[in-house]
Every structure is written in C-alpha cells, then in structure tokens.
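The structure appears right after this line, and notes come after that.
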Amino acid sequence: MATQALISSSSISTSAEAARQIIGSRISQSVTRKASFVVRAASTPPVKQGANRQLWFASKQSLSYLDGRLPGDFGFDPLGLSDPEGTGGFIEPKWLAYGEVINGRFAMLGAAGAIAPEILGKAGLIPQETALAWFQTGVIPPAGTYNYWADNYTLFVLEMALMGFAEHRRFQDWAKPGSMGKQYFLGLEKGLGGSGDPAYPGGPLFNPLGFGKDEKSMKELKLKEIKNGRLAMLAILGYFIQALVTGVGPYQNLLDHLADPVNNNVLTSLKFH
C-alpha cells in the first residue's frame with residue numbers, strides 16, 4: 001500500500017510538472033507572437049516628406065524625384081528637367097533649383113525696375129526725359145536710347161565686367177559653400193560666409209532684418225519668394241511681348257486697357273477680332 005501511494009504521488013507530481021511545462025510553453029509562444037507582432041508594427045516605413053502637398057499636373061515619374069523638399073515643389077515637371085536620370089548627368093537638378101531662385105530674384109528686380117520710371121513719370125515725380133519705357137533706355141538700341149555719361153558699348157562692357165565678377169564669386173560659393181568668407185574682400189568677408197546653403201546665404205549682408213528666425217517661418221518665406229519669382233519671370237516675358245506688339249510700356253498698356261477695355265486687350269492687340 002505504501003508503495004502504491006508513493007507511485008501514485010510520483011505520477012501526480014509528474015503529471016503536474018508536465019502540465020506546467022505545456023502551459024508555460026503556450027504562454028511563452030503567445031508572448032513571443034505578441035512581441036513579434038509589435039516589432040512588425042514598429043517597422044512601418046515613415047511617410048515621405050511633403051506627401052500631402054498640393055500637386056500641379058504631377059506624374060508618377062516626376063514624383064519619384066520631386067518629393068516636396070524644395071520650396072515651391074508641386075511635382076510639376078512635364079519636360080523632366082529635374083529628373084536626375086533624364087539629363088545623363090549633363091544638368092544637375094540641384095543647380096536647376098538654385099538657378100530658379102536666382103533668376104526669380106533678378107526677375108523681381110527687373111519687373112519692378114522696368115515699370116517704375118513709367119509710373120513715377122506719370123505721377124510727376126521724375127522728369128519726363130527720364131520717364132522712359134524700359135525698352136527705350138538702351139537695352140534695345142533700335143527702340144531708342146537715353147544719353148548716359150558713356151556710349152552703349154562702353155556701358156555694356158562695364159556691366160559685363162561687373163556682373164561677370166559677381167557671378168564668378170557666386171559660382172565659387174555654389175561649388176564650395178562658405179568659401180567666400182575665407183577670402184579677403186574689402187573687409188566684408190565676415191558677412192559672406194553664408195549659411196551653408198548657397199541659395200539662402202543669410203547673414204548681415206543678405207538678411208539684415210533677420211527674416212526667417214525659425215524653421216517654419218523660413219519655409220513659408222522660401223515658398224513666397226519662389227512663387228513671386230516665377231510670377232516675375234512671366235511678367236518680364238509679358239513685358240517683351242507687349243513691347244513688340246504694342247510699342248508702349250507695360251504701365252501705359254494698363255492705362256489704355258482700363259480706359260477702353262473693349263478695344264484695348266490681348267485679342268485686339270494681336271488682331272484676333
């Protein structure tokens with residue numbers, strides 16, 4: 001009897017131990033599955049920057065390289081100019097983006113400078129002999145010229161020399177950002193060190209008012225600048241077309257249109273009536 005009791009007790013202990021092992025194994029498997037599920041959930045790829053941005057006639061191909069990081073990037077690139085594989089390495093996409101910013105700034109200055117003499121002349125703020133349409137100031141010699149202190153050819157050579165020097169310095173900074181702050185330049189080199197981004201050098205010379213003090217405001221200002229720059233480039237193109245078609249300046253065109261919209265508009269100027 002004692003022997004049977006010992007055997008029974010041993011069997012019960014063995015069964016209990018087996019049960020604990022089975023239950024423990026299942027619990028361990030369950031925990032492992034849950035843990036592996038959590039790991040898989042955490043490995044979800046992040047959302048691309050600018051994924052929810054506004055798009056203008058974007059294609060699947062353009063969105064493969066225009067990811068919204070550049071200011072004013074709406075995925076619009078019908079000619080594939082910014083495609084790093086479409087140019088065969090001949091044109092660097094970063095250079096195109098940089099060039100758009102620079103040309104936009106020149107266009108904004110040009111658009112304002114071309115129309116300002118007309119407006120100031122009409123308002124009587126400057127003499128009439130200097131209130132000329134932009135194409136009569138010497139930029140297009142056959143259309144007329146103003147009597148400056150030197151002839152047009154001398155002025156052209158001088159402008160080319162000055163602009164060539166400025167553009168050379170700008171290209172040096174593009175090739176090696178910050179290099180202009182290391183070269184002597186009339187004591188101004190401290191303000192030419194830049195920010196590391198050639199398109200937005202900042203500093204006391206290029207951002208004296210300290211705009212864009214935080215990342216959010218800087219991003220908004222970059223977007224506004226590129227939009228206005230693109231508009232200004234279109235305006236300059238419009239100035240050229242107006243000059244060829246109407247023979248008067250943009251401000252005079254506006255006054256003529258407001259005075260008689262029916263007979264002075266795009267269609268009548270192009271003889272589509």
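Glycine is no exception: its Cβ is also placed from the backbone N, Cα and C atoms.
Straight from Swiss-Prot, the features:
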type: TRANSIT; residues: 1-32; note: transit peptide
type: MOD_RES; residues: ARG33; note: N2-acetylarginine
type: BINDING; residues: TRP56; note: chlorophyll b 1 binding site
type: TRANSMEM; residues: 106-126; note: transmembrane segment
type: BINDING; residues: ARG170; note: chlorophyll b 4 binding site
type: BINDING; residues: LYS224, GLN242; note: chlorophyll a 5 binding site
type: BINDING; residues: GLU225; note: chlorophyll a 3 binding site
type: BINDING; residues: ASN228; note: chlorophyll a 4 binding site
type: TRANSMEM; residues: 231-251; note: transmembrane segment
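Structure with Swiss-Prot features highlighted.
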residue : record                       : CB count, 10 Å
TRP56   : chlorophyll b 1 binding site : 9
ARG170  : chlorophyll b 4 binding site : 15
LYS224  : chlorophyll a 5 binding site : 12
GLU225  : chlorophyll a 3 binding site : 18
ASN228  : chlorophyll a 4 binding site : 16
GLN242  : chlorophyll a 5 binding site : 20
Compared by Cα position, which of the binding-site residues TRP56, ARG170, GLN242 is the closest one to the residue listed as 'chlorophyll a 4 binding site'?
TRP56
Going by C-alpha distance, which of the binding-site residues TRP56, LYS224, GLU225, GLN242 is nearest to the residue listed as 'chlorophyll b 4 binding site'?
GLU225
So which residues does the transmembrane segment (231-251) touch in its own chain, when a touch means Cβ under 8 Å and the partner is 6 or more beyond its ends?
103-104, 107-108, 110-111, 114-115, 118-119, 122, 133-135, 140, 143, 269-270
Translate the DSSP assignment of the residue listed as 'chlorophyll b 1 binding site' into the three-state scheme.
coil
I need the CA-to-CA distance for the residue listed as 'chlorophyll b 1 binding site' versus GLN242 (chlorophyll a 5 binding site), whole Å please.
28
Fill in the CA-CA distance, GLU225 (chlorophyll a 3 binding site) to GLN242 (chlorophyll a 5 binding site), as an integer in Å.
25
